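TrEMBL has this to say about the protein:
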| type | residues | note |
| --- | --- | --- |
| DOMAIN | 56-129 | domain 'Methyltransferase type 11' |
| DOMAIN | 202-277 | domain '18S rRNA (guanine(1575)-N(7))-methyltransferase Bud23 C-terminal' |
| REGION | 238-280 | region 'Disordered' |
| COMPBIAS | 246-255 | compositional bias 'Basic and acidic residues' |
| COMPBIAS | 262-271 | compositional bias 'Basic and acidic residues' |
Amino acid sequence: MASSCRRPEHSAPPDVVSYSPFYCFCSSRMIEIQTQMSERAVELLNLPEGQPCFLLDVGCGSGLSGDYLSEEGHHWVGVDISTAMLDVALDREVEGDLIVGDMGHGMPFRPGTFDGCISISALQWLCNADKRTHSPPKRLYTFFSTLYSSLSRGSRAVFQLYPENSEQLELITTQAMKAGFSGGMVVDYPNSSKAKKFFLCLFAGVSGVLPKGLGSETSDKTVPNQVQYSGQRCRFKNMKGKSAKKGRDWILEKKERRRRQGREVRDDTKYTGRQRRPHF
């Protein structure tokens, strides 16, 4: 579990903390990590292949996760409590629609609006009482119950989060199940202190098989309806800080996705993804 010291949700409310330049202006490393976690969350959604979907991004911030959703051809709506972060998203000209809102007040959408929901590093904020009137269990239940209503039946919601302890995990999952969801926690690389990531994978209306976490030796690929993961994701574990992007395989995969989306893409040649010599 993440240590309680230096946790941002303990220092101030989210709309205050997010005014920090640390959150508004991210480094290239932070952008890369955010993109990787967004990619994993979308993978856990198990969306139909090649079909644009309408997704909700809770705690969208400056729109980094939304950039990945747009790149994959999906339409999205982002909700965040911080107007400062949303102003950054507007300056970046993200493609999604943006709404100012507090997760603890619920999601203000019609029933069955979205095909899925993702949230990166936001859910744990609901476990803190920033005001005397705040009750974390009530705020969590209000959020999950309204989210459940806004999702189409059979869809999923995936939350990447940094739980402080096991009691916090139990509080979150209990309120989610009370609101009608099924599912549970997916832990990637459970034996690693640095690469370990927690994803709460919830099913709306229809129970499904909980996906296995990456890096788990007990993963059973014969289970029906289980999300199948590409072994290429393991490249992040062994790159020692180097980006796996811009390689030939990555470029070919991206071009193929864009072709399926109907976009105009140059033909593949022997020069595609070729490493160029540095110029001095």
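Using the three backbone atoms N, Cα and C, a Cβ is placed for every residue, glycine included.
Counting residues 6+ beyond its ends, the compositional bias 'Basic and acidic residues' (246-255) has Cβ neighbours under 8 Å at 232, 265-266, 268, 272-274 in the same chain.
Break the domain 'Methyltransferase type 11' (56-129) down by DSSP state and the numbers are 25 helix, 20 strand, 29 coil. Across the domain 'Methyltransferase type 11' (56-129), the model assigns an average pLDDT of 94.
Per-class residue totals from DSSP over the compositional bias 'Basic and acidic residues' (246-255), listed helix then strand then coil: 8 helix, 0 strand, 2 coil.
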